[in-house]
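Peer 1: Before we start, here is the structure in question, set down as structure tokens.
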Amino acid sequence: EFNGSFYQPSAFLMMGIPGLEALHHWISIPFCALYLIALLGNCMILFIIKKTQSLHEPMYYFLSMLAVTDLGLVLCTLPTTLGIFWFNMRRIGFDACLTQMYFIHILSFIESSVLLAMAFDRFIAISRPLRHSSILTKTTVIKIGVAIILRGMVSLLPIPFLLKRLTYCRKTELSHSFCFHPDIMNLACADIKVNVFYGMIILLSTVGMDFIFIVVSYILIIKTVIGLATKEECLKALNTCVSHICAVLVFFIPMIGLSMIHRFGKNVPPLVNTLVAYTYLIIPPALNPIMYSIKSSHIREALLRALWRKSE
């Protein structure tokens, strides 16, 4: 029982899939498959883009950033998730938890910003095709990448310190197999209004604004495409956006759902909360390389050439 004095736990206890603890070893099989697909798929994307000179253009530079971000998200959650499923290693140190949380949120914010940059790239490519290479030069792409990283790092820097100042209850059990800001915050026995307010402002001003600008970009893209002369030109222009639209939906829908559940879904079953969280952090890194490999003929051709050379 909490006695009112300052208390900070030395560690938290992470949760696997509630109610299915006896099946964790079996459940780990699809998780291992998803992690393996994510690791191999994103490494393949990076390798193909690096080795293929014709892919050294803005669209694929941004795709490389997306692949690196997805690899980071996978490597952040893989040790603790598989540690629980395989060895029931639920304990994570307080500072280690804050570190994992910080990097998970940074990488999520970076992915959101990269998806916005990719939407901007598609808009320029469709509306100003002749000026595309002069607007999005290699230097400009590097500057955008640096700005994306700095925005994520700086905006989230206060979060660990805001959590360290709180007094915690004796309950130390988290809702997931990874550390998430609202999850940690809700274990506190102190006033968390500052954490809630700052978290909401940062989420709306970064990920929220990114999503709005992505929607605006596609409204402008559709407006431009409608003005094209033939139906074939319209379909060809829209076809270049299909993979990106899928990546946006796969990332933003579960992210918004998880944020809403943690803030307003007090009566949501724990299993639903857990499944949405895994969908948010594991499915996009696994699906993104597949979607881009299927829809991008340039990546498919480069991959087939690489496989053909190896088989000779």
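Cβ coordinates are placed from backbone N, Cα and C, and glycine is handled just like the others.
Straight out of TrEMBL:
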type	residues	note
DOMAIN	41-292	domain 'G-protein coupled receptors family 1 profile'
TRANSMEM	23-49	transmembrane segment
TRANSMEM	61-87	transmembrane segment
TRANSMEM	99-120	transmembrane segment
TRANSMEM	141-163	transmembrane segment
TRANSMEM	196-221	transmembrane segment
TRANSMEM	242-263	transmembrane segment
TRANSMEM	275-294	transmembrane segment
Peer 1: Does the chain bring the transmembrane segment (99-120) near the transmembrane segment (242-263), so that three or more CB pairs sit under 8 Å (pairs 6 or more apart in sequence)?
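Peer 2: Since 3 or more Cβ pairs under 8 Å link them, the transmembrane segment (99-120) and the transmembrane segment (242-263) do come into contact.
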Peer 1: What average pLDDT does the predicted model assign to the domain 'G-protein coupled receptors family 1 profile' (41-292)?
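Peer 2: Result for the domain 'G-protein coupled receptors family 1 profile' (41-292): average pLDDT 91.
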